[in-house]
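These notes concern the structure reproduced below.
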Amino acid sequence: MGRIANQTTASNDTDPFGRNEEVAKMEITVLSVTFFVAVIGNLSVLLAMHNTKKKSSRMHLFIKHLSLADMVVAFFQVLPQLCWEITFRFYGPDFLCRIVKHLQVLGMFASTYMMVMMTLDRYIAICHPLKTLQQPTQRAYIMIGSTWLCSLLLSTPQYFIFSLSEIQNGSYVYDCWGHFIEPWGIRAYITWITVGIFLIPVIILMICYGFICHSIWKNIKCKTMRGTRNTKDGMIGKVSVSSVTIISRAKLRTVKMTLVIVLAYIVCWAPFFIVQMWSVWDENFSWDDSENAAVTLSALLASLNSCCNPWIYMLFSGHLLYDFLRCFPCCKKPRNMLQKEDSDSSIRRNTLLTKLAAGRMTNDGFGSWRDPCNSRKSSQSIGLDCFCKSSQCLEHDCSRKSSQCIPLDCSRKSSQCIPLDCSRKSSQCMSKES
């Protein structure tokens, strides 16, 4: 993986039969560690997701397929490159050379664009939450299926570019090299790979996270304005679709996880593509030992990306690590610690939701619900944020026999209202969309 393509039209100023053995040993060591860490990490994630008792979500689906894409990278990019470095030359038939080169680029496309689709899903969940109610699982499967199909098609040209050929006429030494009829062919190929696998995805990711950050900032601003107005006139702010209370802690955690995955991708792959572009666009570039070391180091850094992702999943999703440890009876103590942390987190989350619900009610019965943000988007409402023409209340087993019901602004003609689990003397109830 030191070079995306070995062009047969390159100059042969250096000895084509030799190599720097010290650099080769370093490559073999790093690639071996990378392969085993990537396989163990991604298998752990897949095993944890298979054994989890939690309901599968869209995010779990994307994580699962991103792990599968990283497994493709490990077995069909890192492993062949490791064998290649051990043998120095490619020892195999021509069709195997073409297949290996195809699968190497297939893994790169699949892993990259699966990450892009996962980011797009987070963008929809944060910036357009109502769209997540419209067959979200079906949309996720379409996004994942299209990613695999496009990756397969975009990597197909490898079959026509690479073949088993002599590294020098009359040398009788063969290797799996790329053939370019025109001198500019190698430049076009490297530029296409760089744009398709790195530049376009990075631009899409930056745009998505720009909108996500703007949406979160806007909602924080709305929450601050609502809190200030509530303090002044005692009114209760309306809970809008774009409210901070709707952007749950779980969604924000998945956004953070996706952002870390994106940053790890950029850090690992940026040096590799920079060096590759430098090698084909700089006419003074030569493949001597010093520059070969730079190419090698950048390629090794790129290969580390496939073994970073599973540990990022484990870090941001505690239950995956717990579900993985459930497979090993000897890990009972750390498993219990993770279970306790997850339980404490659930208690804190439920307590926070109870306080938020109680904070929306006025003590004297009916409260006014208003939205401090004047934007049309923030005025859209679901569930709690509405005034109904009529509502029905169900009595709750509280200290008082009657329960007070807050009328809500619904788009429907009627809604059913159920009381909260009250600890106060009077019970208050919130609407439930019928």
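Cβ from N, Cα, C; glycine included.
Annotated in Swiss-Prot:
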TOPO_DOM  1-27  topological domain 'Extracellular'
CARBOHYD  ASN6  N-linked glycosylation site
CARBOHYD  ASN12  N-linked glycosylation site
TRANSMEM  28-48  transmembrane segment
TOPO_DOM  49-67  topological domain 'Cytoplasmic'
TRANSMEM  68-88  transmembrane segment
TOPO_DOM  89-98  topological domain 'Extracellular'
DISULFID  CYS97-CYS176  disulfide bond
TRANSMEM  99-119  transmembrane segment
TOPO_DOM  120-141  topological domain 'Cytoplasmic'
TRANSMEM  142-162  transmembrane segment
TOPO_DOM  163-191  topological domain 'Extracellular'
TRANSMEM  192-212  transmembrane segment
TOPO_DOM  213-257  topological domain 'Cytoplasmic'
TRANSMEM  258-278  transmembrane segment
TOPO_DOM  279-295  topological domain 'Extracellular'
TRANSMEM  296-316  transmembrane segment
TOPO_DOM  317-434  topological domain 'Cytoplasmic'
Counts of helix, strand and coil residues, the topological domain 'Extracellular' (163-191), according to DSSP: 7 helix, 9 strand, 13 coil
Whether the transmembrane segment (258-278) meets the transmembrane segment (142-162): three or more C-beta pairs under 8 angstroms: no
The topological domain 'Extracellular' (89-98) - residue tally per DSSP class, helix then strand then coil: 5 helix, 0 strand, 5 coil
Residues of the parent chain within Cβ reach of the transmembrane segment (68-88), under 8 Å, 6 or more residues beyond its termini: 1, 19, 24, 27-28, 31-32, 34-35, 38-39, 42-43, 46, 100, 103-104, 106-108, 110-111, 114, 303, 306-307, 309-310
Which of 99-119, 142-162, 192-212, 296-316 contacts the transmembrane segment (28-48) most, counting Cβ pairs under 8 Å: 296-316
Overall pLDDT of the topological domain 'Extracellular' (1-27), taken as the mean: 60
Protein Cβ atoms within 10 Å of CYS176 (disulfide bond), excluding its own: 21
Cβ contacts under 8 Å made by the topological domain 'Extracellular' (89-98) with residues that lie 6+ beyond its boundaries: 158-159, 162-164, 173-176
Residues satisfying Cβ distance under 8 Å from CYS97 (disulfide bond), sequence separation of at least 6: PHE90, PHE162, SER163, LEU164, CYS176
